[in-house]
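One structure below.
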Amino acid sequence: MGSNMYIDLYHVSLYVCVCAVGLTGTKYGCGGGGCGACTVMVSRYDPVEESIHHCAVTACLQPICSLYGAAVVTVEGIGSTRTKLHPVQERIAMAHGSQCGFCTPGMVMSMYTLLRNKPKPSMEDIREALAGNLCRCTGYRPIIDGFKTFCNKEQCCQNGEQRVKCCLENGFTHNLDDNQISEELFRVEDFIPLDPTQDLIFPPELILMGKKPDGGQLCFQSERVKWISPALLTDLIQLKAQYTDFPMLVGNATLGAFQSNLKAHSAISFLVTFILSLSLSLSLSLSPLSAGVREVCLNEEFFTGFGKTALRPDEILLAIDIPHSKPWEFISAFRQAQRREFAFSIVNAGMKVVFRDESAVVESLDLYYGGVGPSLVKARNTCKELSGRLWDESLLAEGIRLLKEEISLSPAAPGGRVEYRKSLILSFFFKFYMQMLKRKLSERDVRWLTRIVSKKHKTTAAQNTSSTDPVGRPRMHQAAFQQATGEAQYYDDIPAVKGELFLSMVTSTRAHAKITSIDASAALAMPGVVTFITAEHVPGQNRRLWFGNIEELFAEEEVICVGQIIGAIVAENRELAKRASCLVTVTYEDVLPVFFTIQEAIEHQSFFEPKRKLERGNVEEGFEQSDHILEGELYMGGQEHFYMETQGLIAVPGEEAGEMELYVATQHAAYTQEVVGLTLGVDSNKITCHVKRLGGGFGGKVMKIASLSAITATAAYRTGRAVRCVLERGDDMLITSGRHPFLGKYKVGYMDDGTILAADITYYSNGGCTLDESSFIMEKALLHMDNGYKIPHLRGRGFVCRTFLPSYTAFRGFGGPQGLTMIESVLHEVAAKCGLPVREMNMYQSEDSYTHHKQLFSPKDMLRCWSECLEKSDYEQRLLAVQQFNSTNRWRKRGMSIVPMKFGIGFSKGFYNQGAALVNIYKDGSVLVSHGGTEMGQGINTKAIQIASRILNVPMSSIHVKETCTGNVPNAAPSAASFGTDAIKQTLILQYAYCQKVSLSATGFFMGPHTGVDWKRSEGTAYYYFTFGACCSEVEIDCLTGDHKNIRTDIVMDVGRSLNPALDIGQVEGGFVQGLGLYTIEELQFSPDGALRTRGPSDYKIPALIDIPRTLNTHLLTNAHNPHAIYSSKGIGEPTVFFGCTIFFAIKEAIAAARRERGLSESFNLSSPATAEKIRLACEDTCTTAAFSVKPEPCKPWAIDI
């Protein structure tokens, strides 16, 4: 058996092991290998090639036992701020590619691994290397900007155009206008050159180990796990015979991976459907007793069920026989997924046709489909019937008919999307038919398949400041180097406190039911489980009032959603707490009614109070005066925050009674402090919240984290020990929820010339089971319903629906995107009806304009943004080019859309518009700043340092920003509403005035302007000021699959006089890409029982690098001012999420072009997000008609539309 090594396999993944030794730079993002945050480099010596192979792996999925003989390098191993940065770390930081920083170590390690294998990569190499790394903050452009500097100039650009320099020469500079000061976002010449000779060497002892004859079989064993690594094939065959139920996790090179793919992913694997069409044969080893080899043909009979094959438990794949292709034999493969890369197929297909020599007669045909059943499906009857026929339109029509009859899907089929999957079955066959007519892909299609995603970055910014003044300059994020090296500390990176315990939630599995019993005895019997806490263990208040509505910490008698917290297990370690929580048994008695959708809530008249209304003019009179009346509706789905760092905290009991220290990931430390105090029954002065930084927030870490903190603090109070709570990604998505789904119903009256006289819009949002911030979000939607348009008679009504889903909460934009999108849909439909540029003719024009809630503002900068966007995007000429493209392409269509934006900054609740900060100046001249804001990637600390540097006339290097702490700055407002920097910079100005006197320590407090709305009178100054912008996007859709490509986006944004153009551009582009996800690919799915199905990156897709526009131009409006803020800057974090709707409306334009060509109505419903499914089904044709022609049998659907 060889040498045996016994290790504790309780923590089996590489991620857990690197954390156990204190290497916290490797981050937990999802636990499923779907985000890339835990990427490390694994290197092995190959004795055959006598070379070292480097590969990037996700540590959360890598079994530690599989790494015997390998070298592992984490982000800490390649450079640090204490020694020397690696060029990869330096460039991503200096190119402003790190915002919240949580994904940055994974990005660094993916790029570092690429450079170890290929020191001078191409842009295609970089794109492929980063395909598995997700970022929720930056929009990817600055990451690529930094990394593409490693390319050869002749290889790099690939986004170059005629008469334009390489991106390495001009890609980072602002456009120049007369009388402007231009400044690069970063200087390439300042970078450390890459010197591969300075990289870490592979351990020589591992090379010597690899050169020696194999040392024999290894066995790793613990109480629950046994891992055996055989040295020889004969050993493996014997083990397979001995342990028939043991899975083979890692095989020899490609064969092992191939065998794993065959067994594990037979129904969805694109690879498998493709290889089936190749007519492969497999050589399989037989058991040691029979000692032989079995030949198996790889066909549909090889797959016997989901995850099952004809492989016997004791067989090993020895060889694959791939036959040579024959003359007149053609093979093709197709797939369609939620995201264009790094996503499982919804449907895939492999197809092969053999023609009789030099004819169009089909000799044989093979059609294989995946994703349409529990296993792979061959359309056997269709293939038989079409053989011997001429490859013409009659064969196509007959093939579609036969496929429709042969391959069927139940409405309850796992995965849902039944009509779409049916249409893809037929569309793929049609694509194959068309390809065979051409006998090859067109040159243009090849370019689309191979062209890399290039990012053009253009910015314009005028800053009339001296060269030594830090304000207005593109300064790097103050913690970027620490984030790139893994040194930046997040809450879960804090070393364990002595005696620390771990907490795992027990949540409801029913949507509406009475709790009849809770039995935790099985969990408590497990060694290492300390306690189980429920509502009865709360020392203070388990229930609290929130604007007249009761919110429960733990469910006491009744649950009102799946995922509601019932109790929590506290145990000695993380894995044990999770395992024990699954053993807690809760019994229920179902209660009616139970419903989940907006439509059902309307039927039940289930709404939260208050209901809101705003009205300008007389809507009924406006309708009477209008030439035309149009009615319609638009549905917008919700969105998951998917911050890279999941929610959690560490609660540490103090030495004196009642004291509690919380190290917590929150955007609103004061609110968390308040809730914890109420829960423990102690005063707030005994609760101290510490927030160093967040790995993303986007509004999701304001409310829900307070409840999680109170539960964790209760566990710490009860046990007297520190307790750590870190939500796993699936639990985070289940418990915390996200952006509200909205339904807008509108009626609009307009004139023949396109002037809109009246609009009446009713907004419904799905608030979930508790109020949370839903009423505030609905108010913001109503306050933005006019966008930039002066509609004389305008009425909006808002209803927050109470349903039995987890309560929806704040999300970047806070209702603004939903409110703005509804009015843009109105304008879009009116423009489609009358064929006129209705947006521009209906915009506010007067210098002194009033919103529909009677707030005075000037639209001058909005109109400037609009005009510049038209000019810089070359809108008119490109629109003609789009029309020309559509006239010559039947199955691909393009569309363009341009929208303006007016977005209110600050809180409409005036008491939130305040801020505070503490500044200490020390005798050595150094400065310490503490403020009430939270650094979560937006750069609030960096801007605070820039402002303090200007005010105090000290270098930025002499200023340090301390953690956010309720003990330093009390009662701070949340970091939200794009208002954080405004509040902080005002407080620093006030402190300067104080410091001019005597004290070298001062607290500044900023009381913002009074804002508020009188809802009865439909008037009020709702916002501090407005931010303006305009955005134009162009897309291309595939009418046969619904796939779409984002071709180009141009943004012109008014940020006033930018404090830091690099950070502001990052916020603009990051917000836009988050909006791109909201309006196109991010789709939440719920079961008919109200359980969230999309609970991780394998099911829920946020934009990846491949999804961002091929060309992305961002321009900051020049000579813009903001008299309402110091230094004339503007908040920028939230508004540009709305710009993602330009992708949505451009898609709608492309669909309309397809429908117009087919003689179909150009009026059609398209809900957001515009997924591939919705695009395909809207492009009606023979395939979609056939997919809907079969009446489904009644059954419970797999998913419901929330």
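Each residue, glycine too, has its Cβ placed from N, Cα and C.
Taken from TrEMBL, the feature domain '2Fe-2S ferredoxin-type' applies to 1-78. On the 0 to 100 pLDDT scale, the domain '2Fe-2S ferredoxin-type' (1-78) averages 86 in this prediction.
The signal peptide annotation in TrEMBL covers 1-20.
Every protein chain considered, the tally of other Cβ atoms within 10 Å of the Cβ of C30 ([2Fe-2S] cluster 1 binding site) stands at 26. The annotation [2Fe-2S] cluster 1 binding site is assigned in TrEMBL to C30, C35, C38, C60.
Cβ neighbour count for C100 ([2Fe-2S] cluster 2 binding site) (all protein chains, 10 Å cutoff from its Cβ): 29. Among the features that TrEMBL reports, [2Fe-2S] cluster 2 binding site is placed at C100, C103, C135, C137.
In the structure as shown, the Cβ atom of R335 (FAD binding site) sits within 10 Å of 25 other Cβ atoms. Here TrEMBL flags L317, R335 as FAD binding site.
Per TrEMBL, the feature Mo-molybdopterin binding site maps to Q667, F698, R812, A977. Long-range neighbours of R812 (Mo-molybdopterin binding site) (same chain, six or more residues apart, CB within less than 8 Å of its CB): F698, G699, G1071, Q1074, G1133, E1134, V1137.
Marked as substrate binding site by TrEMBL: F814. For F814 (substrate binding site), the Cβ neighbour count at a 10 Å cut-off comes to 28, with all displayed protein chains included.
Per TrEMBL, active site, proton acceptor is recorded for E1134. Other Cβ atoms within 10 Å of the Cβ of E1134 (active site, proton acceptor) number 27 in total over all chains.
Counting only same-chain residues six or more apart in sequence, the Cβ atoms lying under 8 angstroms from the Cβ of C135 ([2Fe-2S] cluster 2 binding site) belong to C103, M107, I143, M644. Within 10 Å of the C-beta of C137 ([2Fe-2S] cluster 2 binding site) we count 30 further C-beta atoms, all protein chains included. Each residue contributes its Cα atom, and for Q667 (Mo-molybdopterin binding site) and C100 ([2Fe-2S] cluster 2 binding site) these two points are 13 Å apart. Taking the Cβ of L317 (FAD binding site) as centre and 10 Å as the limit, one finds 21 other Cβ atoms among all the protein chains shown. Taking the Cβ of C35 ([2Fe-2S] cluster 1 binding site) as reference, residues of its chain lying under 8 Å away and at least six apart in sequence are, in sequence order, G29, C103, G106, N133, L134, M644, P1097. Distances between the Cα of C38 ([2Fe-2S] cluster 1 binding site) and those of the binding-site residues C137, L317, R335 are shortest for C137. With a cut-off of 8 Å between CB atoms and residues at least 6 apart in sequence, the same chain places S13, L14, Y15, Y28, C30, G31, G32, G33, C38 near C60 ([2Fe-2S] cluster 1 binding site), listed in sequence order. For the domain '2Fe-2S ferredoxin-type' (1-78), the DSSP counts in helix, strand and coil order read 14 helix, 22 strand, 42 coil.
For F814 (substrate binding site), the nearest neighbour among the binding-site residues C137, L317, R335, judged by Cα separation, is C137. Cα of C100 ([2Fe-2S] cluster 2 binding site) to Cα of R335 (FAD binding site): a span of 34 Å.
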